[in-house]
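Copied from TrEMBL, the annotated features are:
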TRANSMEM  A:20-41  transmembrane segment
DOMAIN    A:21-223  domain 'MacB-like periplasmic core'
TRANSMEM  A:244-271  transmembrane segment
DOMAIN    A:259-371  domain 'ABC3 transporter permease C-terminal'
TRANSMEM  A:308-329  transmembrane segment
TRANSMEM  A:341-366  transmembrane segment
Amino acid sequence: MVPLARKTLVHEWRRFLPSALAVAFSGLLLLVQAALVFGIFNSSAVYIRKSGGELWLGYPGTQSIELGRPIPQQAEIAALMDPAVERVEPFNWIDGDWRGPADKGGVSVFVSGIDTRSDALMFADALTPALRALLDEPDGVIVDRADLPKLGLDVGGQAVVNGHRVRIVGVGSGLRALGGVNIVTSLATSRRLDNGDSDGRVAYYVVKLRDGSDAAAVRQRLQPRGQARRFEVWTRDAFARRAVAYWMFETGAGLGVVLLAIVVFVVGALITSQTLMGAVAGSIREYATLHALGVGFARLRRVVLEQAAWVGAFGLVVGGVATALVVLLAHRRDVPVQLDLVTVAICATLVMGIALLSGLAAVRALRHADPALLLR
Amino acid sequence: MDATLVADALSKSFTTGAVRTDVLRDLSIEIAAGELTLVSGPSGCGKSTLLAILSGLLRPDGGRAFALGQDLARLEPAELERFRLQHTGFVFQGFNLFPALSALEQVMLPLGYLGLGDALARRRAGDALAEVGLGSRMQLRPAELSGGEKQRVAIARALAKEPQLLFADEPTSALDAANGQIVIDTLHRIARTHGATVLCVSHDPRLVGHADRVLAMEDGRILADRRVAASRSP
């Protein structure tokens, strides 16, 4: 069988290039947008995911980690009394007003007060024991490397948080989150920065269970019942998902993303279908001749759809490579991006969908392949 | 001699806006295999419409059209396509070759749709191109061929299917005298050597001398039907 679709694509590549590029750009936009969205939204859960422990205790109904409120110490006691619980670690979360160099003005910060022991749960994956030990210095703080320019300071620099002087003792990475600058301190320092507003209470307790314990079952046991719940218990994954879902669905950002994806899809499909239709129209007399010779519309349709599929595949490859470059660049610049296989598969499906839908639209142009138009 | 194409009281009219034009008026004719039949007449006399109906590209308003004994009106569109695929070849005024394909591939293409394997299609296409005198130019694309050569590729494309019916619509209009001569001679030879029914429609007076039979048409009717005594043997 003469590969008409492919031969025509290669020979008339200039004609098909716009549609392939439209598909590639659609793919790039969809993928980069997804990478950014998941990167940014997952960064709202980054504190949870980068920490050890299986359960989180926090203020009832807390939707995302930065919305934490102080909870009573009885939460800690309740957890400690459960036989499956190995350790309970307080994690403090307070708002702060950072005053650094005069030219940077005030910066809203979130202060994370953590246990500084080398085997502590909070930020187990983000902070090395050595870095953690630096926080034992009174009023010492660690910030994300990428936030240094925003704060206008370097390691060793001093600033004032909530009226208390602090000093940057180290920098970490992966500490960035949504909504503001995050700084990490010891629990003691965080209590001082809190000005006693919380009466020594902290916002969260992170619970480590003994090996082999069923986290869901322990959660059930610890979860307070009745109207007067003063804290709530989540498994680590559930709390992380809550945070992502909050940013994705409750802030309106997720809807924006979906809308943008629809726009990308429609625009991509429009450009691609127009170009493919042009290609079909350009060969309409040849198609009409084949039709006169008895080649049915179904088979002609297949030629057009095959071209659309090739255009889609080419666009997918180009878009994929471009996305890889963008993601690489973003990683280097500490921009939170994240792509998993499922997302890539969904985007790839959408992109092929753009190409094939366009092909189906272009197939309609074949209706004009009437042999009668060849007769004088 | 059995007629392979039969028009029985065909009528056809087209409506453009409020104007209704009768293109064919109660036209009956029988066309035989093994010869080149030329339908000649001025533009708009209905000759192309006659060709379209007899080849199954168009349905008449009235009357019946038989091809190879088959009443074309009784065939479903898909059956009609199948009929055309198996039995008919077409040559049009425009050459309608795919720019991306070599001469050999142009000819092989319909054979693939006919269900022939690559090797057989290649051999048949090569034979057809050799028959129209393009054996040495099989690998060239349309852009590298002259107008006459392109039309010969189109003829080879129609011929390679080994159709019993070959329809040509103004095959020489876009060609100079020498190439026109080659094309009509080729069509004539196909009728003789392959025993095919060749129906050629043209207003080109140069072709009259090359046909076996000339039907003069005007206003949707056949005015004259004559055999050309001078028609040459292959």
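Quick reminder: no glycine exception, Cβ is built from N, Cα and C everywhere.
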Per-state residue totals over the domain 'ABC3 transporter permease C-terminal' (A:259-371) - DSSP helix, strand, coil: 98 helix, 0 strand, 15 coil
The transmembrane segment (A:20-41) versus listed stretches A:244-271, A:308-329, A:341-366: most Cβ pairs under 8 Å: A:308-329
Folded-back contacts onto the transmembrane segment (A:341-366), same chain, C-beta under 8 angstroms, at least six residues removed: 19, 23, 26-27, 30-31, 34-35, 38, 261, 265, 268-269, 272-273, 275-277, 279-281, 284, 287, 297, 300-301, 304-305, 307-309, 311-313, 315-316, 319-320
